[in-house]
Amino acid sequence: MYCQPKFFTLALLALVAGVNAHFQLQFPSPRGAFVEDNEPTFCDGYANPAANRTEFPLTGGFITLNSEHPLWTSGILLSTASDPTSFNNFSQITPYAQAHGEGLFCLPFDLSATNATGLQDGQNVTIQFVFNGGDGNLYQCADLTLSKNFTISSSITCSNASVSATATSTGAAATGSKSAALGTVPAFGVAGIVTALFGISLATVM
């Protein structure tokens, strides 16, 4: 079937944009400046912890990110090592979940609702956010100091680009290598991603 040049050009541009799409962790602050070419590697290419860690609450926290994919799967790994330098230093602490939507997303992240154990006030940890929009796993890390009394500043906005996102919860995935699989299971419905992945309802932060 004949394809008009204009339509073909637009279709090609859309395809290229999809292939090059990524995500950017907004809060907590990532380990270093976003480097698109390095995001498929450990901690977006940053092997060493940040000099200035982000204070983060043991309960009632959230994560904000910008998604450039219309359909994506995500999960969180955590390391309690003082200087985590490889995937082997991290353990999966949330199920993987799938969501629809591009733009800014606020994902409630209550550490007390994850399977992480032994976390304490004042402890230094690192989280690694795993994101897959269909073109392979992408990674960004954030180095944190945990606090039982800290409240995230109201200047850090917790809002979502879409409230019509659907989600699927997934079981545990392997975390020992960069090629950990991101599977799916039946859908939860509106705002299901934050309940399935991070342990509390989206309604508590909107």
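The backbone N, Cα and C atoms fix where each Cβ goes, glycine too.
Features as listed in Swiss-Prot:
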- 1-21: signal peptide (SIGNAL)
- His22, His69, Asp135: Cu(2+) binding site (BINDING)
- Cys43-Cys141: disulfide bond (DISULFID)
- Asn52: N-linked glycosylation site (CARBOHYD)
- Asn89: N-linked glycosylation site (CARBOHYD)
- Cys106-Cys158: disulfide bond (DISULFID)
- Asn115: N-linked glycosylation site (CARBOHYD)
- Asn124: N-linked glycosylation site (CARBOHYD)
- Asn149: N-linked glycosylation site (CARBOHYD)
- Asn160: N-linked glycosylation site (CARBOHYD)
- Ser179: GPI-anchor amidated serine (LIPID)
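Overlay of Swiss-Prot annotations on the structure.
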residue: Asn52; record: N-linked glycosylation site; DSSP (3 states): coil
residue: His69; record: Cu(2+) binding site; DSSP (3 states): coil
residue: Asn89; record: N-linked glycosylation site; DSSP (3 states): helix
residue: Cys106; record: disulfide bond; DSSP (3 states): strand
residue: Asn115; record: N-linked glycosylation site; DSSP (3 states): coil
residue: Asn124; record: N-linked glycosylation site; DSSP (3 states): strand
residue: Asp135; record: Cu(2+) binding site; DSSP (3 states): coil
residue: Cys141; record: disulfide bond; DSSP (3 states): strand
residue: Asn149; record: N-linked glycosylation site; DSSP (3 states): coil
residue: Cys158; record: disulfide bond; DSSP (3 states): coil
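Sorting the glycosylation sites Asn52, Asn89, Asn160 by the number of other Cβ atoms within 10 Å puts Asn160 first. Here the Cβ of His69 (Cu(2+) binding site) has 20 other Cβ atoms within 10 Å, regardless of which shown protein chain they belong to. Put plainly, the disulfide-bonded residues Cys106, Cys141, Cys158 were compared by Cβ crowding within 10 Å, and the winner is Cys141. Counting every protein chain shown, the number of other Cβ atoms lying within 10 Å of the Cβ of Asn124 (N-linked glycosylation site) is 15. Cα spacing between Asn115 (N-linked glycosylation site) and Asn89 (N-linked glycosylation site): 16 Å, rounded to the nearest whole number. Rounded to a whole number, the C-alpha distance linking Asn89 (N-linked glycosylation site) with His22 (Cu(2+) binding site) is 24 angstrom. The CA atom of Cys43 (disulfide bond) is located 14 Å away from the CA atom of His22 (Cu(2+) binding site). Here the C-alpha separation of Asn149 (N-linked glycosylation site) and His22 (Cu(2+) binding site) works out to 34 Å. Closest in space to Asn124 (N-linked glycosylation site), of the binding-site residues given as His22, His69, Asp135, is His22, taking the CA atom of each residue. Considering only the recorded positions His22, His69, Cys106, Asp135, Cys141, the residue whose Cα is spatially closest to the Cα of Asn160 (N-linked glycosylation site) is Cys106.
Counting other Cβ atoms within 10 Å of each Cβ, the lowest count among the glycosylation sites Asn115, Asn149 belongs to Asn149.
On the backbone, the CA of Asp135 (Cu(2+) binding site) and the CA of Cys158 (disulfide bond) stand 27 Å apart.
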